[in-house]
Amino acid sequence: MEDPSPMIMIPSENFNLECPKVVYTDVSMIPELTVSNLQAEISTLRLKQRSLDGRRREALNKVLDIKGSIRVFCRVRSSSSTDRKTSESPISIEEDKITVKTSGGAKKEFGADRVFSQGATQDDVFQEVEPILRSALDGHNVCVFAYGQTGTGKTFTMEGKNENPGIVPRSIEELFHRASQDKSASYSFSMSMLEIYMGSIRDLLTLKHNSSRYLQHSQKCGLNIQSGSNRSIEIEGLMDIAVSDIKQAYRLYTKGKRARSTSWTNVNDASSRSHCLTRITIRRSGGHEGVSKLWMVDLGGSERLLKTGATGQTLDEGKAINLSLSALGDVISSLKKKRNHIPYRNSKLTQILSDSLGDGSKVLMVVHISPSENDTGETICSLSFAKRVRAIEHNKELSEESNKQKEKLIAELDLQIKDTEVDLQKVRNQIERAEQLIQEKNQQKGSPRSPLIIAQGEASDTPTEKNSSKACISSVPRFMAPTVSSRQRLSANEHTHSRTRTLRFGTRSHVDIISSQSLSYSDTFMKPCATRSKSKLVTCEGNSPKSSVSRNKKVSASHPNLRVTLNQHRRRMSDVI
């Protein structure tokens, strides 16, 4: 009599098993392919950023070389109420030329790289200064001078007012702004302020300045200038304070301004009796590494001694100022003419600036003049100094055609710089987005989150995928696995009938084999899965919630030959569970 016991075939190694969908709640179990791809993308973008930045630096340097490494601007002071009461101003201006009418009726012409009229704003001036600030960030030493007689607006151009800042505060802000945008390198800034008073060097950022007592001490114990390696100049004992933000730099600058020496003269109630030098040291690391200096110098008044009516100490101060200004003119003129000997040692001012005035450096001087007829003599002296600094005679000026070609080339390079900066900004944005994604993934690691489902993969007959299939059912007890002889008969039977048997697994489910042998699967990661075969499909519904078969009810295969095959060799054992 045929045993009514239901039977099921144990799947052979050749059956197709689909791994179930596995739910992971720990992000650390997910492969880090996405993070690795993002990191590789950032590295590629960094290389592109450096390439674009090098192209921008090269174009900017060409523009500055074409314009001239030493440039001279002229700014005309706004007319005062006293000037308006007098006759017409003796000066007339063009974009790059100033004509002064002398008291005798003669006219003198002076050239400049740019002339700022009385209506020019602080923004207009700074737009011409801003390119050399970028050059300072690129590693070049830069000097910006304000020159002119007392009362023509030198200090206003350099310092400005709270609501209308000048070159120094705007430059500080611009440096920090550009450094924060440039992710291809890391910048650090330090700041020093000093004044050259009657041949002595005073530190303006020391902790205490006790008026006359400090002044007398500083005159006797001035700071010393030392030459370092690579022709670099260092000032022994000068405070060099690291600045991490704009507010700190502003506070230091305000402190230094208040400590500066001033005195009353016929020209100005608070005339600067010294040269005030503000130095910002820029250190760049990563990519194009280097150290550069930005000097912003508010020079003392250049007026003639007869004009000031100075006597005693004020007279001596004026003499010292004029001597150092004359030495500065000699140095810049020699550099412009490319002479072999540059007289740096003729004054403390030129000694300090010697490593920032030579080859590779950028120099910009803003000469200030008055529109008043009473100051015509001083105006001519200041413009003569500017002419000397430019070291260009009128008969050696470029022709009109050459000027047009020069302007065209500069315009093309400016356009190239703008396009490169646009590309740089796009690359910066891409880097920021990639870094944000990496940061989000790092924050998600180990933190509770919604389950992540890994897409299920189908097992195949390849060795690698067989191992994966075996790993999915590795929790089956060894004694419940089929014997060697059983597997051989099953393989032979499958070859004959070309059938596929399907097994579905569940938590603590039982499938009774031939009434006595029980199979139990307790792997918590396994879910019911269905297997497709080449022909017919046999499905075990033991774990299906819709199934009417009880948990311990016997399930039989649909084909009678399967039952016969198993009856020929039967192992009996008690229920495991």
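Even glycines carry a Cβ here, placed using N, Cα and C.
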- Item | Where TrEMBL places coiled coil among the ranges 277-318, 403-444, 445-486 | 403-444
- Determine the minimum-neighbour residue: among Gly148, Gly151, Gly153, listed as binding-site residues, which Cβ has the fewest other Cβ atoms within 10 angstroms? Gly153
- Counting other C-beta atoms within 10 angstroms, the emptiest spot among the binding-site residues Gln149, Thr150, Thr152, Thr155 is Thr155
- Task: Could you please provide the mean pLDDT value for the domain 'Kinesin motor' (69-392)?
- Result: 85
